[in-house]
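A.B. asks: Quick paste from TrEMBL:
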- 18-31: compositional bias 'Acidic residues' (COMPBIAS)
- 542-646: domain 'TMC' (DOMAIN)
- 10-33: region 'Disordered' (REGION)
- 782-802: region 'Disordered' (REGION)
- 250-279: transmembrane segment (TRANSMEM)
- 343-363: transmembrane segment (TRANSMEM)
- 433-455: transmembrane segment (TRANSMEM)
- 475-496: transmembrane segment (TRANSMEM)
- 508-531: transmembrane segment (TRANSMEM)
- 602-627: transmembrane segment (TRANSMEM)
- 648-673: transmembrane segment (TRANSMEM)
- 723-740: transmembrane segment (TRANSMEM)
């Protein structure tokens, strides 16, 4: 009896056979039809269970109904009996993925649907065997090898009907071992190979397959080489593993800025700098000697070079003018040669800015799509634990780096989860808001003082006659601005120590807002200083060259102060922090990111006046990456409160696009359309505005003949006319609105699907309760019959004795 009680259960699901079961194999269906078919099948099985019962043979202990616990609802505690666990283990969701026969059957059905996609019969005209049957998924726990072999043969036949690409894709997706996949591949290739080798010798086929494999290996090798050539690939992984995604976002943003500057520099080198260097204009005077101070001021020897706007010619470049005007310079109307330098200068800068704008918008939309996904992240912890490890890693240093990345990722996910569950009181919130408001008032006072200081000093520099005569005095305004940009963020950081934010992400965002306000206000004052005050003050000089040199000085001084602060400031801050026994300080993401945005804004502002300024910015970013990485590993530690920076790159790109790039574009548009160019230098010296170079070109095209009449029409209707601009803006806004509505619709559908999944779970619990009640009734009736059979002979014996 004890041995019988130790035996396991056997669960048999009786599916009656009908004459229609001898019909053809199943054909493909739509998702909805398959769902309806499974729904009908579940109803049929429920009717059979209710009418005939389920033959559940229990040969273990606890046969009485009192030994079983009731199955509670979804809000209660689930206490399953052995019979219920047996039923749960036999469900398709529990068997598929565990049984090799179930996998083969599942992928056989997928292959059938893929090969016969065009034929879609109605579900009602199909027999029972043509419907998605639970028997096809190997629901029986005691599946025989014969059934598995039949499914395997069917799968091979269906795979042979697919193309090579579809077959390979299907085989790769199967969760089988490599040996099983190789066997299936050989079995599917053999008939097709025999059929396709008619009239071809075997050596030709081997040579063809060898060539295909060689090309495939070559492509994989090229991809691996491209991954190795990716700049700073290992360094970025090392930073992410040690300091987390928050610090890594700064270096990724620096890499993005490097790509933007390279994209901006290429057309400028090809169509402006390279062409003018190939056809240099005659020198206007003696070339000054190189003193070394030019590296800081940008003046002196660098003035009459391709570095600045004033060096470029105002005529075409392939031949000299017949009648030189204005001291040997040509007017745009004086020559009719193919390469018009003023037009090339204007259109190249415009096209470069337009390409940069498109790239920025695309990067921002792509970053939004990556950061603000529609689905939820509730399963991110399980995905990180079970799916993050790369099993192709064999080297020890690579495995250690991957281990650090996964550990830091888990810390960030757990910190974000704790933050969402942390309670907060009303009094604490009010106290926090009061301190936050006070700190904001002090920070705005610091910003206002810095703005007044910059404006006052810039006015003093304009009124001082010695400010433009001595090269050393030219560094005064950049020096004052860089000092304010260096000191003010430290004041913000000290004031931020008084407040407390629940989220470290919110703390970084607040610091970014304060630094952004400071940078943008100072840049606004400087733009007014250059285009509003300097244009009228510099009368006997080339004011475009002065603005270009001023932006060069600002960029060089900003880089110099950044290096000093990184090499010495962070070192002193680390020594002070260690002396106070607080450990190494954390990396200030807000200040460093705003320094990058500030430098990139200076570069965009100076492209029109100094075409080689993006090259200087590229050199600065490359050096800054290595200096910041060295200082990070030596002077900083990982954040004490880990946090997930999944949306930081999106915020950085958005700040780069809207305040920075948009402000630079407005500045350049105002300089091109409104400000009168200098009459002493540059490609637009004889024009009232830079934009008139396009009008002069259109007038010359109108006189050239009817063959190029379409170009003036394009300029007149697409460039000068404002309707296309409004139309494109309206279409862009419409696309943005439609995209927002699509995202909202997807979120609504996801909410409905989640609700449906919850209802399906409740339905499963309800069906399991019903099945269990049927089993208990059958068990009680069986026990009652056994008891009656046991007691009936004794009753008969008593009657006979009587």
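Positions of Cβ are set from backbone N, Cα and C atoms, glycine also.
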A.B. asks: If you average per-residue pLDDT over the domain 'TMC' (542-646), what number do you get?
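C.D. replies: Across the residues of the domain 'TMC' (542-646) the model's pLDDT averages 90 on the 0 to 100 scale.
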A.B. asks: Residues sitting near the transmembrane segment (602-627): Cβ under 8 Å, six or more positions beyond its termini, same chain?
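C.D. replies: Counting only partners 6 or more residues beyond its ends, the transmembrane segment (602-627) has Cβ contacts under 8 Å with 232, 251, 254-255, 257-258, 261-262, 264-265, 268, 272-273, 306-309, 349, 352-353, 356, 523, 527, 544-545, 547-549, 551-552, 554-556, 558-559, 562-563, 566-567, 596, 660-661, 664-665, 667-668, 671-672.
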A.B. asks: For the domain 'TMC' (542-646), jot down how many residues DSSP puts in helix, in strand and in coil.
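C.D. replies: Tallied per class, the domain 'TMC' (542-646) gives 78 helix, 2 strand, 25 coil.
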A.B. asks: Cβ under 8 Å, sequence separation of at least 6 from the ends of the transmembrane segment (343-363): give me the contacting residues as numbers and ranges.
C.D. replies: 256, 260, 263-264, 267-268, 271-272, 275, 312, 604, 607-608, 611, 653, 656-657, 661, 665, 668, 672, 683-684, 690-691, 693-694, 697
A.B. asks: For the transmembrane segment (508-531), give me same-chain residues lying six or more residues beyond its boundaries with a C-beta closer than 8 angstroms to one of its C-beta atoms, as numbers and ranges.
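C.D. replies: Non-local partners: 246, 440, 443-444, 446-447, 450-451, 454-455, 458, 462, 481, 484-485, 488-489, 492-493, 496, 501, 547, 550, 554, 588-591, 593-594, 597-598, 601-602, 605, 648, 651, 655, 659, 663, 667, 670-671, 675.
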